[in-house]
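**Q** Sharing a structure, written as structure tokens. Questions coming.
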Ligand SMILES: CSC[C@H]1O[C@H](OP(=O)(O)O)[C@H](O)[C@@H]1O
Ligand SMILES: Nc1ncnc2[nH]cnc12
């Protein structure tokens, strides 16, 4: 048994978490660059928690410029075991209405201007992304959201777009009608891929803010509408987070799905062909497997 340490990545509208014991904003150095901001650490119901505002306090980072690798590496370095991502999303489904939460379980990655892997020339690895989210964490998020009185939908496909502009009507209809996506946002990729490479359990909670632009009765998505919905949702999101530690508990059993062993057979590069500089940068993410070869 290890100890649970929950990492929360807060999206648009979620820049702080109140009510932590021993609350402290700490600066974490990463060989992958500077994380989005300092990380808020503390304890809730005896469980360690680390909170990172994805766009920085004051929302100064665009979705393209979020330092995804530094963020995941910094959480791993802090000893985080389970990452819960919270994101503002548009909805492609009538029944997934603004104000509802969706526990995402699949992704379609349409982003193209981001570094998507910790690995590369000098240390090549291929992890599975068939089941990109952790069911056990998803269960905890569902329970926490229901307990907080939130309408929650279990399961949904998140279309990750590059942005920062919203989708055209043609794109919105294609994602919804042909590709079968349920929600749309700009940040969960490559975040989910990097969490998997770092052997972190990952769950994604979409807070629905709008119907993107496909819905005939709702017109096109506008930032004013998103911000208004976010203001209404932010407290619900925080309440959900406050309920998570009791549900997950202090003691943590190994992940049933194997998220925490994703690199077990993933590294292809022979030890003598590995680039020592890259291997050094991978100390937190892949030390478990690299140090035993
Ligand atoms: C504020 S609207 C668009 C913006 O909101 C979402 O951010 P996050 O995923 O961090 O909650 C979306 O992905 C865009 O970055
Ligand atoms: N419609 C939308 N498209 C992309 N990202 C979003 N974040 C919130 N609503 C969104």
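Backbone N, Cα and C define each Cβ position, glycine as well.
Where the annotation comes from TrEMBL, it is an automatic prediction and has not been curated.
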**Q** Among 187, 224, 269, find me the residue TrEMBL lists at the same phosphate site as 12, 54, 55, 87, 88.
**A** 187
**Q** Can you go through the binding-site residues 12, 55, 186 and pick out those with a C-beta less than 6 angstroms from ligand 2?
**A** 186
**Q** Among 167, 210, 211, 212, the recorded positions in the record, which have a C-beta under 6 A from ligand 1?
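**A** Passing the 6 Å Cβ check against ligand 1: none.
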**Q** Rounded to the nearest Å, what's the C-alpha distance separating residue 87 (phosphate binding site) and residue 186 (substrate binding site)? Just drop the number here, would you?
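**A** That comes out at 9 Å between the alpha carbons.
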**Q** Between residue 12 (phosphate binding site) and residue 186 (substrate binding site), what is the CA-CA distance rounded to a whole number of Å?
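**A** On Cα coordinates alone, these residues lie 11 Å apart.
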**Q** Looking only at C-alpha atoms, tell me how far residue 211 (substrate binding site) is from residue 167 (site 'Important for substrate specificity'), rounded to the nearest Å.
**A** 11
**Q** Can you count the other CB atoms that lie within 10 A of the CB of residue 12 (phosphate binding site)?
**A** 25
